[in-house]
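The signal peptide annotation in Swiss-Prot covers 1-17. Marked as domain 'Peptidase S1' by Swiss-Prot on the basis of sequence analysis: 33-255. Per Swiss-Prot, disulfide bond is recorded for CYS59-CYS75, CYS182-CYS198, CYS208-CYS232. Positions annotated as active site, charge relay system by Swiss-Prot: HIS74, ASP119, SER212. The annotation site 'Required for specificity' is assigned in Swiss-Prot to GLY206 on the grounds of similarity to another entry.
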Amino acid sequence: MLRKVFAVVSVLLVVSAAKVTKLVLDDNYVNRVVGGEVAKNGSAPYQVSLQVPGWGHNCGGSLLNDRWVLTAAHCLVGHAPGDLMVLVGTNSLKEGGELLKVDKLLYHSRYNLPRFHNDIGLVRLEQPVRFSELVQSVEYSEKAVPANATVRLTGWGHTSANGPSPTLLQSLNVVTLSNEDCNKKGGDPGYTDVGHLCTLTKTGEGACNGDSGGPLVYEGKLVGVVNFGVPCALGYPDGFARVSYYHDWVRTTMANNSK
């Protein structure tokens, strides 16, 4: 089944009511949190929402420092910096927080080569963010997270396939798989490799539309970026960019674009 589902994945460009081009992916690719609970206020102060003005929440992301947000490449392709803003400092999409302007979008030069690989990108804020109790950076991990580890997924993705999007940030603990188990349970080894991290708990728990680009955290460090899944929470693994694998790319890309 998974092999067939992945085969029909396609990228769609949709124009919002505000005539702003927004990149979305069909339901076989973008993700959200299913089976989670409302996150406590301030429990994920590194979590941001990438927003399209006039449209709203598009993807998640993680604040790495006062200027940079880590997200998925597919959240950035087709956009110019002026197309996006970054919401920080709130668990609610309806109130609180601060919307920040973006001045640079960067993603891996081999994004989607091969398909579903190198899905990682960076967003540079126009001005440094002001840190507070509700706005904090997260350290990105240099070490690979082990299999069978309990990790934390957060996001504003749909709470069921074709279901509603939550106003409040959702949180869910999930369990990592080895790449071997991920390929076995996913049904097609061509879509995951050493640059991926997979999670799976049970049917009814996982990522969904709107979670893309968001954080997966282990022992307080960022270990994954939401990439893809079978919508939604149907008992198949969810795929993430493995942050430890892309650690050097993240570090050098930020350093080379600091001015």
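Each residue, glycine too, has its Cβ placed from N, Cα and C.
What you see is a predicted model, and the numbers here were worked out from it, not measured in a lab.
CYS75 (disulfide bond) sits 19 Å from GLY206 (site 'Required for specificity'), taking the CA atoms of both as reference points. Confidence in the domain 'Peptidase S1' (33-255), given as mean pLDDT, stands at 95. Every protein chain shown contributes to the tally, and the Cβ of ASP119 (active site, charge relay system) ends up with 29 other Cβ atoms within 10 Å. You'll find the Cα of ASP119 (active site, charge relay system) roughly 6 Å from the Cα of HIS74 (active site, charge relay system).
In this structure, the C-alpha atom of SER212 (active site, charge relay system) lies 5 angstrom from that of CYS59 (disulfide bond). Put simply, HIS74 (active site, charge relay system) is 9 Å from CYS59 (disulfide bond) when counted between their Cα atoms.
Among the recorded positions listed (HIS74, CYS198, CYS232), CYS232 has its Cα nearest to the Cα of GLY206 (site 'Required for specificity'). When the Cα of HIS74 (active site, charge relay system) is compared against those of the disulfide-bonded residues CYS182, CYS198, CYS208, CYS232, the shortest separation belongs to CYS208. CYS198 (disulfide bond) is 14 Å away from CYS208 (disulfide bond) when you measure Cα to Cα.
A straight line from the CA of CYS182 (disulfide bond) to the CA of CYS232 (disulfide bond) spans 16 Å. Distance between Cα atoms for CYS232 (disulfide bond) and CYS198 (disulfide bond): 15 Å, as a whole number.
Close to CYS198 (disulfide bond) in the fold, though at least 6 residues off in sequence, lie THR176, LEU177, ASN179, ASP181, CYS182, GLY186, THR192, PRO237, ASP238, GLY239, PHE240, each with a CB less than 8 Å from its CB. The disulfide-bonded residues examined here are CYS59, CYS75, CYS182, CYS208, CYS232; by Cβ neighbour count within 10 Å, the least packed of them is CYS182.
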